[in-house]
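Participant: One structure is given below, represented as structure tokens, and several questions about it will come after.
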Ligand SMILES: *[C@@H]1O[C@H](CO)[C@@H](O)[C@H](O)[C@H]1NC(C)=O
Ligand SMILES: *[C@@H]1O[C@H](CO)[C@@H](O)[C@H](O)[C@H]1NC(C)=O
Ligand SMILES: [Zn+2]
């Protein structure tokens with residue numbers, strides 16, 4: 001300690017109070033102070049009186065402060081808030097397959113590419129509030145169907161379940177309940193709108209493979225009629241009959257025609273989307289299906305921005321449209337926005353596709369937060385993932401030597417396309433009759449350089465691509481993962497806990513800390529105040545199940561083999577990705 005910086009508690013004789021100084025000196029010297037006894041007594045009384053007064057005054061101030069605090073906390077909803085009383089909007093965001101490692105990967109990538117400082121963070125990072133345990137009713141590792149059923153119904157169910165219980169009976173979803181309570185509702189995704197996550201909010205089937213039936217229920221052909229007012233995403237092929245080019249239904253139903261009968265305004269192109277003026281020219285109900293199956297990965301989509309809208313643009317459009325539509329109503333809106341294909345990048349073990357997917361999701365989240373800040377209606381954004389995908393690790397040991405503490409974002413920055421796109425080019429090259437005359441080795445070297453920005457592809461890697469074309473999506477993913485020192489432990493999902501985010505720490509305080517994924521679902525219905533409606537919807541679904549004869553809208557009870565098949569998003573030359 002420097003001289004002159006003695007602790008404040010060091011007692012020093014005070015020259016301003018002679019009496020006290022004398023006493024302290026006496027204590028130090030051991031000498032009794034000599035003074036007039038009567039003057040000393042009066043001084044002592046005065047001291048006791050002053051001390052007592054000080055004590056009473058302090059106590060009074062403390063009592064007053066506590067009383068005041070108590071009164072303001074009852075009057076002020078900011079400090080004592082339960083769910084809001086009046087009109088409210090809720091935006092639920094899902095980052096499918098995004099675990100905690102995806103954030104370190106994306107943050108590091110963005111800092112590298114934009115030359116930002118080491119403490120620059122994502123929008124996501126700024127809104128972290130807790131995390132979620134994700135297991136399903138029948139597995140420690142969930143799929144997206146059981147994950148989304150936890151959000152929509154607030155119940156654990158089996159992998160493959162679309163808002164049905166472990167006993168295969170339907171459970172009412174928060175979106176159906178919200179619709180019943182007078183909310184306006186929307187779904188925005190980058191995958192097929194018939195895929196597991198969006199399906200769980202407005203459909204009930206016993207396996208996620210029943211995408212044709214899910215499409216039927218989404219447009220209002222299900223037991224409850226129409227529960228969604230706005231749909232933006234991909235998956236057009238499940239709405240088109242088996243007789244049309246571009247249709248992938250097993251039957252001959254034309255759901256686009258049926259949607260028209262239900263009053264839907266249908267759009268299918270970038271041009272139509274631009275006509276919506278980011279939501280200010282929308283007529284609900286709106287059905288926007290911009291791709292036959294999935295919308296391309298963001299890393300590929302940015303090159304064909306004139307064909308497909310981004311997640312951020314779709315989110316902004318939905319927010320504006322739903323907000324305008326509820327301008328004069330007592331109830332607000334409930335919107336689900338999914339960064340659907342973070343999961344697919346994980347399944348493919350494609351780190352470059354992954355960072356662009358997470359960045360696109362991060363931008364969409366910022367758009368939601370900006371909207372909520374500007375909007376007059378009280379609103380909340382809650383976000384989480386259904387599970388992690390890929391067992392991603394932001395470091396990788398490449399040989400027997402002790403590994404470097406490094407990974408290389410620069411390798412990902414040099415990739416211009418996804419490994420899915422690259423493998424697809426290779427597949428179509430192989431199936432084209434022109435390919436036989438071409439030096440395959442040369443073709444592949446150029447392909448890898450053009451799409452992944454990798455110039456040092458090895459002879460072994462090329463040989464592997466030529467000898468096992470079926471495995472090429474994996475081989476190509478490994479070419480970029482190895483060089484960036486990105487690790488993966490699986491092509492499937494993992495059981496790690498995933499993060500929970502919110503636009504308002506206080507309003508979402510029930511979700512602070514570690515939670516079961518079903519508690520996220522419980523929170524959604526609680527915030528919207530539709531718990532009673534969820535019960536009603538569940539009862540109605542069960543009643544309608546009993547009276548429906550012949551083939552049920554819910555589907556038959558699937559076998560274990562059927563369920564095991566349906567959770568994959570793997571790619572093959574024959575099928576492409578699904
Ligand atoms: C198309 O669907 C109808 C049933 O709606 C079926 O009878 C027919 O066989 C299907 N055609 C093809 C080519 O799958
Ligand atoms: C990225 O590409 C540039 C230009 O080809 C090259 O100079 C650089 O070394 C590459 N970076 C990495 C990390 O591979
Ligand atoms: Zn998945």
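For all residues, glycine too, the Cβ spot is worked out from N, Cα and C.
Just so you know, TrEMBL annotations are computer predictions that nobody has curated.
Note that this is a predicted model, so its numbers are computed, not measured.
Quick paste of what TrEMBL says about this protein:
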type     : residues                    : note
REGION   : 1-39                        : region 'Disordered'
TRANSMEM : 48-68                       : transmembrane segment
BINDING  : 96, 343, 347, 386, 387, 493 : Zn(2+) binding site
BINDING  : 96, 195, 197, 338           : Mg(2+) binding site
ACT_SITE : 144                         : active site, phosphoserine intermediate
Participant: If you measure from the CA of residue 343 (Zn(2+) binding site) out to 10 Å, which recorded positions from the list 144, 195, 197 are inside that radius?
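Facilitator: Of everything listed, what lies within 10 Å of residue 343 (Zn(2+) binding site) (Cα to Cα) is 144.
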Participant: What recorded positions among 144, 195, 338 are found with a C-alpha within 10 angstroms of that of residue 96 (Zn(2+) binding site)?
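Facilitator: If one measures from the Cα of residue 96 (Zn(2+) binding site), the recorded positions that come within 10 Å are 144, 338.
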Participant: So if I draw a 10 Å sphere around the Cβ of residue 343 (Zn(2+) binding site), how many other Cβ atoms end up inside it?
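Facilitator: Other Cβ atoms within 10 Å of residue 343 (Zn(2+) binding site): 31.
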Participant: Which are the residues of the chain, 96, 195, 197, 338 excluded, whose CB is within 8 A of where the CB atoms of the Mg(2+) site average out, their centroid?
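Facilitator: Filtered neighbour residues, in order: 94, 144, 148, 189, 191, 196, 198, 340, 343, 386.
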Participant: Compare the Cα of residue 386 (Zn(2+) binding site) against each of the recorded positions 144, 195, 197, 338 and report the nearest.
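Facilitator: The smallest Cα gap between residue 386 (Zn(2+) binding site) and any of the recorded positions is with 144.
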Participant: So which one is it: of the recorded positions 144, 197, which has the fewest other Cβ atoms within 10 Å?
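Facilitator: Selected from the recorded positions 144, 197 on minimum Cβ neighbours within 10 Å: 197.
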Participant: How many whole Å apart are the CA atoms of the residue listed as 'active site, phosphoserine intermediate' and residue 195 (Mg(2+) binding site)?
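Facilitator: Given the Cα positions, the residue listed as 'active site, phosphoserine intermediate' is 9 Å from residue 195 (Mg(2+) binding site).
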Participant: CB neighbours of residue 347 (Zn(2+) binding site) within 10 A?
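Facilitator: Its Cβ shell of radius 10 Å holds 24 other Cβ atoms.
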Participant: Could you tally the C-beta atoms, other than its own, that fall within 10 angstroms of the C-beta of residue 387 (Zn(2+) binding site)?
Facilitator: 28
Participant: Please report the DSSP secondary structure of residue 493 (Zn(2+) binding site), reduced to three states.
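Facilitator: Reduced to three states, the DSSP call for residue 493 (Zn(2+) binding site) is strand.
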